[in-house]
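Undergrad: Just passing along the structure, written as structure tokens.
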Amino acid sequence: MAKNTDIEHDAHEPAGHGDVRESAVENPSASAVSDGEERATFAPEVAPQTDTESAQGAAQESEPEVQRAGEAEKGVPEKAKAVVPLDELLPQKVHLIPLTGRPIYPGIFTPLLISDEDDVRSVESAYSDSGFIGLCLVKTDTQNPTISDLYEVGSVARIVKKINLPDGGLNVFISTQKRFRIRKHVHHSKPIVAAVQYLSDLIEGDPLEIKALVRGLIGEMKELSENNPLFSEEMRLNMINIDHPGKIADFIASILNISKEEQQRTLEILDVRKRMEEVFVYIKKEKDLLEIQRKIQNDLNSRVEKNQREYFLREELRSIKEELGLTTDPKERDQRKFRALIDSFHFEGEVKEAVESELEKLSLTDPNSPEYSVGRTYLETVLSLPWHAPEKEEYDLKKAQKLLDEDHYGLENVKERIVEYLAVRKLRADTKGSIILLVGPPGVGKTSVGKSIARAIHKPFFRFSVGGISDEAEIKGHRRTYIGALPGKVLQGLKIVKTKAPVFMIDEVDKIGSGARGDPAGALLEVLDPEQNTTFRDHYLDLPFDLSHIVFVLTANSTDPIPRPLLDRAEIIRLSGYIDTEKVEIAKRHLVPKTLEKNGLKRACVSYRKEVLLHLVHSYARESGVRGLEKSLDKLHRKLATEIVLGKRSFDDKCLMDEALIGTFLGKPVFRDDMLKDANKVGTAVGLAWTGMGGDTLLVEAITIPGKASFKLTGQMGAVMKESASIALSWLRRYSAQQRIASPNWFEKRAIHLHIPEGATPKDGPSAGITMTTTLFSLLTQQKVKPRLAMTGELSLTGQVLPIGGLKEKTIAARRGGIKEIIMPKANVRDLDEIPEHVKKGMVFHLVESMEEVLSLAFPKGKRVRAGTAAQSASPETLTG
């Protein structure tokens, strides 16, 4: 393919006319080629000559130069030249050269760069044959165009001169002569040869109208060229010298900034009048574009002038200040900024003295010294804190209650306590802060409850965790003497929320550590204590700051590791685990929509029946919270999304999730009901335990081995639990001897092994005392414990059942595990009121005071004591939920 390098470099430059006009001035022959009509000047066979009176002078004037060029190229004597009409000399078959830029109009002298090997061979062949080539524009840019990729109308051009390039290409100087239309294809592929039909301009209509159109075109172009520096004076002169209307239209079209398609359309118009009218439209577009450019240029000039004026004024002002000694530097700007902030806060007492002193020291310090940077950072920190008094709280208690209900399902006791707290706060009109400690297993919503409190009272929320930290500087900051010192987390949070009365959540206070760098728990005491936090001193700030307006919300999994002084300062709200029905509702309302959106699925893509969600909870997510349930749902929806992407399912088809599909996606159930089956054996009993993760059921089992008397305990029991096991064995031996349940030497001839499964999990506490005693009694009497019965209670050495803790969590765990009856200490009867009614519904609670009562309930049909002694035992009290 051929490229016109002038066109490629500047879209506003006419197609080869920059070179044409320059050649026309310096070389008369070029002018003759451009302005001559229906004639060709070439060597060796013919000599240039016109057949019209108007063109004869130009042809004669250019004849010597063209003849010399012909002799130089062809080596033919001057006498061999002749004058032949152009139409007779133009070949009927031409080699076609594809053009990629723009079409080239007739009457143009321009260079062409030929780089394609096939095109080079085509030019060489045409040069040695007729000396003419056909130029056709490519419709779309392709690597190897064929004749079908070319427009049918093009220009035939005479090869004036060719120069071989070092890379094998050609630089060809051509003179275009006339339009043609491809009539027949001789060679479809390169080199492309076609039979052509030559086209002449059609001039129809009133000559005066044609003349008026010519004058109009020239006038429009004159106006356009005067305002456009891209149009040279030489172009304007050449345009005026052209006397043919069609060539004037061609010339103007070639120099306008229009698309190659528009230029091709102009090339194909043979009616000169229509061609000139088409060019008028293009000139109008160019003038509109030029007007927009002029407007943009004027705007830019105005901006530049304004910027230059401001620059000169600033320089002048700087010079004046230098003369008067009033130069403003960064240090002065810092002084003004800090002074304005200090005045706006109206500091008093120690704080005012400290910031004034620091500002004065800063004014005497070199800005390039490290001390200046330290002082400036300190002042920026002090002045970025919210020192102003907090605004009065305004919130609607009903809306707050509604907000809590929207954010959390269940947790009725927790929400009730929070609403009570907000009601008291509203009645007292007190903006003072408070300390709330949310205690519960992971995943029950402690953090989200804290966020809901902040939303309910319209306060900003800030959260940070103290789990694992062992440096008190995290709470109280570093002293300024250290490089890179920073304030503690509390003041950093206040800088972020920009108010003195936010809601601060301090997570994982039960996991706070201590080490060589101080005790963070002790540092928290000063932060939380209402008697001290009105004048809290951060190590970095070293100024009193009032923290008493902050609402502190602490979270923990257990209160056991928390220091007692810290517990005394907080109002404890316990969040127990969820039962299965609550988890199902939480999944339907929150978790299913959340995980569907997370995995790019629509709500209508999946449908869950209640019993399917219940199966998912029961088999894969029995923990106290709902994080495991969320992970299971997330995995289900990931698997479903994968099948949709792989084409195994349609995105629009609704998936009805069932137990089989859950098993396919999640694998075998994580939890099984084997515990109740295992408990229905001699030497087993089910107890209830409470941990930081919530309540849980505990299977206790025992066996005897003939041999020397011994008592072995396994299952990672703690010291307290081992003591409970020893008490259980001692009481049972005494009770068996009194009631003559077994022979006196039964214990002497057997080794007893008591075990609690899940040996990898540490276990401790006294509440398994009655469970271990019941297990040993079952082993002694070879009786099975009543099915679906669980128990909890501490046993004393005299057989009394003592109260325990965590009854609510244990009851929830029992319901989750399918337990129907619970034996519990009578002293814990008050704790039943804290258990929600929907948890107690359908369950039976046996309140006992002695171990004899426990045995009478655990073995209702078996022999417990020797005849005549049962009446000595009190009857247990039974409550139904």
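Note that Cβ sites are derived from N, Cα and C of the backbone, with glycine treated the same way.
From Swiss-Prot, here are the annotated features:
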- Ser767: active site (ACT_SITE)
- Lys810: active site (ACT_SITE)
- Gly440, Pro441, Pro442, Gly443, Val444, Gly445, Lys446, Thr447: ATP binding site (BINDING)
- 1-24: compositional bias 'Basic and acidic residues' (COMPBIAS)
- 49-59: compositional bias 'Polar residues' (COMPBIAS)
- 65-77: compositional bias 'Basic and acidic residues' (COMPBIAS)
- 94-287: domain 'Lon N-terminal' (DOMAIN)
- 679-861: domain 'Lon proteolytic' (DOMAIN)
- 1-77: region 'Disordered' (REGION)
Undergrad: If you measure Lys810 (active site) to Ser767 (active site) at Cα, how many Å is it?
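TA: The Cα atom of Lys810 (active site) is 11 Å away from the Cα atom of Ser767 (active site).
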Undergrad: Cβ neighbours within 10 Å, counted over all protein chains: which one of the recorded positions Lys446, Lys810 has the most?
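TA: Of Lys446, Lys810, the one with the most crowded Cβ is Lys810.
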Undergrad: Check Pro441 (ATP binding site) against DSSP and tell me helix, strand or coil, would you?
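TA: In three-state terms, Pro441 (ATP binding site) counts as coil.
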Undergrad: Around the ATP site recorded as Gly440, Pro441, Pro442, Gly443, Val444, Gly445, Lys446, Thr447, what other same-chain residues have a C-beta within 8 angstroms of the site's C-beta center?
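TA: Other same-chain residues with Cβ inside the cutoff are Leu438, Thr555, Asn557, Leu575, Ser624, Gly625.
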Undergrad: Applying a 10 Å Cβ distance cut-off over all chains shown, what neighbour count does Gly443 (ATP binding site) have?
TA: 20
Undergrad: Does DSSP give Ser767 (active site) helix, strand or coil?
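TA: It is coil.
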Undergrad: Counting other Cβ atoms within 10 Å of each Cβ, which of the binding-site residues Gly440, Pro441, Pro442 scores lowest?
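TA: Pro442, out of the binding-site residues Gly440, Pro441, Pro442, has the fewest neighbouring Cβ atoms within 10 Å.
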Undergrad: Across all protein chains in the structure, which of the recorded positions Thr447, Ser767 has the highest Cβ count within 10 Å?
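TA: For the recorded positions Thr447, Ser767, the Cβ with the most other Cβ atoms within 10 Å is Ser767.
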Undergrad: In whole Å, note down how far the CA of Ser767 (active site) lies from the CA of Gly443 (ATP binding site).
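TA: Cα of Gly443 (ATP binding site) to Cα of Ser767 (active site) measures 25 Å after rounding.
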Undergrad: Quick one: average pLDDT across the domain 'Lon N-terminal' (94-287), no decimals.
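TA: Mean per-residue confidence for the domain 'Lon N-terminal' (94-287): 86 out of 100.
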